[in-house]
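These features come from Swiss-Prot:
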BINDING   Q87, G105, E106, G107, K108, T109, D512  ATP binding site
BINDING   C885, C887, C896, H897  Zn(2+) binding site
Amino acid sequence: MLIKLLTKVFGSRNDRTLRRMRKAVSLINAMEPEMEKLSDDELKAKTNEFRARIEKGESVESLIPEAFAVVREASKRVFGMRHFDVQLLGGMVLNDRCIAEMRTGEGKTLTATLPAYLNALSGKGVHVVTVNDYLAQRDAENNRPLFEFLGMSVGINLPGMPAPAKREAYAADITYGTNNEYGFDYLRDNMAFSPEERVQRKLHYALVDEVDSILIDEARTPLIISGPAEDSSEMYKKVNKIIPHLIRQEKEDSDTFQGEGHFSVDEKARQVNLTERGLVLIEELLVQEGIMDEGESLYSPGNIMLMHHVTAALRAHALFTRDVDYIVKDGEVIIVDEHTGRTMQGRRWSDGLHQAVEAKEGVEIQNENQTLASITFQNYFRLYEKLAGMTGTADTEAFEFSSIYKLDTVVVPTNRPMIRKDLPDLVYMTEAEKIQAIIEDIKERTANGQPVLVGTISIEKSEVVSRELTKAGIKHNVLNAKFHANEAGIVAQAGYPAAVTIATNMAGRGTDIMLGGSWQAEVAALEAPTEEQIAQIKADWQVRHDAVLAAGGLHIIGTERHESRRIDNQLRGRSGRQGDPGSSRFYLSMEDALMRIFASDRVSGMMRKLGMKPGEAIEHPWVTKAIANAQRKVESRNFDIRKQLLEYDDVANDQRRAIYTQRNELLDVSDVSDTINSIREDVFKATIDAYIPPQSLEEMWDIPGLQERLKNDFDLEMPIAEWLDKEPELHEETLRERILAQSIEVYQRKEEVVGAEMMRHFEKGVMLQTLDSLWKEHLAAMDYLRQGIHLRGYAQKDPKQEYKRESFAMFAAMLESLKYEVISTLSKVQVRMPEEVEAMEMQRREEAERLAQMQQLSHQDDDAAVAADLAAQTGERKIGRNDPCPCGSGKKYKQCHGRLS
């Protein structure tokens, strides 16, 4: 009550932010007459004037009124479009490191030109991030004339582009690209073998379009670059034959049904578990197939990989459904993005799941992959000095944006009042009754000439609705992952009178639905249209536009509620743009996934009490409230999963930053001999310590063992026993010095053969190669540690603390291995002439190229994170030599991860 009263008096934080920004809007409007008087050349010259002022020390923020006024005037001249005041507000919000919530049709693309221009003035680059390649290309080409008029260069970063083209795109003032491509380029840059191979500049300002889709929906799926591992396709086929013999346990919560099934399915957690009965049966079947020996247990240490195959096959059969989670096209299993309904060509599930699905579908099984590099979007986007984003629906996720990314959400008012009618949900007992009611609604609406957009949550559901519409003789378009090539075209014409369009989820997001259809699309379809043709097309469009307005605008039908209220709001947001009329309604049934998992018993109980008859719908505040509560439950569970994933990845992120910092320093120097000399001392000291313990008696020394180790690992023949016999005065310290001196002498002789310059080049190559190889093994070890760490909870230990402690110990061990491997490799390589070093270098490059060609870029299905709590810090701060090491060891950076730098 008190908070409401205070808000009434002082306004909400959102109101106060907008009030402050409106003062700047008044300033920009006051400058408009002055800007209109400038010639084109004078307006263009403003860019260089602003750049000069920034160089002299003026802040970018102080230029906001003038810079925004310049962009608005340039837009009027280039596009004939003037930024509305609310778009200026949106631009300021985006410059203020905030999320701007702007409704569909409010011109987010034009709004983005303001902060993009302003932040590009510093010369550090601006990355505009979109959800797909089509939108990146479209927005870049649409805005290019405006930016080029103002003297700014525009680049487009697309998958599959050669490195020089990518480098050019990143060197531009403003670069457009997808979130995946920016992330993969970052990972690839940190796998480069020379500074010239890197394409990105320092990450300065990211402006993320559809920010909720990228930073929230996709936050659980890390970006992974992986290379091929060993072939195990036969094992997937053998295990796949066994799974159909298992029966699913129907009531997993009931003790009375415990013995009936062979495996239980937890739909919420997306997990499958064998029951006792299932374990006995599967062990029998594995023995029959000759995969496992009689008397062996599936859970014995030697069968860990087999257990991995069984679990993957069970998940593939029980949790992943064709045409919902994936489609099969041209003998290939292609993932369908659960949030957008689009296919994700080239993406693969990890942990053997993709291979298990391929075995289930009987298509060719491709090799499993080994992770070479990975990062989550959460950690990638926090590397930018400055981050902002825009979307039509962010307010429901404001807490998450604030807690994880330190981004506040500001709701920008609409240019015209919203007049769309959002009708209450209708709930039916069965799916069939619901579909029938939807068909009747569509018939009624289209009879009046009203266009209808039907939103479904999967390809399968869109095809069910499509079949029923075909039976009813209603013409319609289907927009799903199977037919996404003509996506923008179908969406653009979805506003035609009486048009019916079925779209999965948010397919077609980013393209406006114009009432009466898009006259621009009709003009674009003509070859060299005349003025008369264009005028006729516009006149015809105006008639259609008025007819659709009279019929009530675009009607949205949701065929079921999504897990997230935000995605339901996005579907509704396709209607009612720029003050247009419109309406929306969701149709639900007790058989929908959300209702079945979260709201089923209570709501069906209510419906029975209310005496529901077949075909009747319920429209009641209780039901709506129960559904909203179910969605809130799912949202909070998904938020916890994302938060836990981030807290886990933060541990790996500290290590990743330390490794990538060292790797980049290594790439940028040509001479690493000082580092080699320093680690040689460490390595030989540790090696000698193992056989001659410090301050020990001579009787405790293992001289034969030391001689053998030096020979095997460093190719050094040293008659240490002879030295000790001939020189009694030789004590522990002088012996250590002699061994090190001898090793340096042998190495210097090698250097004389090939020359110092070639040796420096070779040393750097060996260090990079060894670092990459060990980092790859370390990532695999971290994956294994992560998968089982939750079991520590049963021993009353905090899994997150255990993960931190063990991963740090593994990281420290990896750094020690790195030193040892580098010195061992450099000592053992027999070089007789410079050409041999060149040949080795060539071989290394060919191997790197081969790996690059075989790399898979994938989204990992990662819903099994365990809780952790680390503070999120935005931006990549350079670690000082005397700062505490980011790994949490308590040591200084220079004495820990920084020792190689």
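Backbone N, Cα and C atoms are what each Cβ position is placed from, and that goes for glycine too.
Shown here: features listed in Swiss-Prot, placed on the structure.
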residue	record	CB count, 10 Å
Q87	ATP binding site	27
G105	ATP binding site	21
E106	ATP binding site	23
G107	ATP binding site	19
K108	ATP binding site	22
T109	ATP binding site	17
D512	ATP binding site	18
Cα-Cα distance, maximum over Q87, G105, E106, G107, K108, T109, D512, record's ATP binders, Å: 17
Cβ-centroid neighbours of ATP site Q87, G105, E106, G107, K108, T109, D512, 8 Å, sequence order: M102, T104, L110, T111
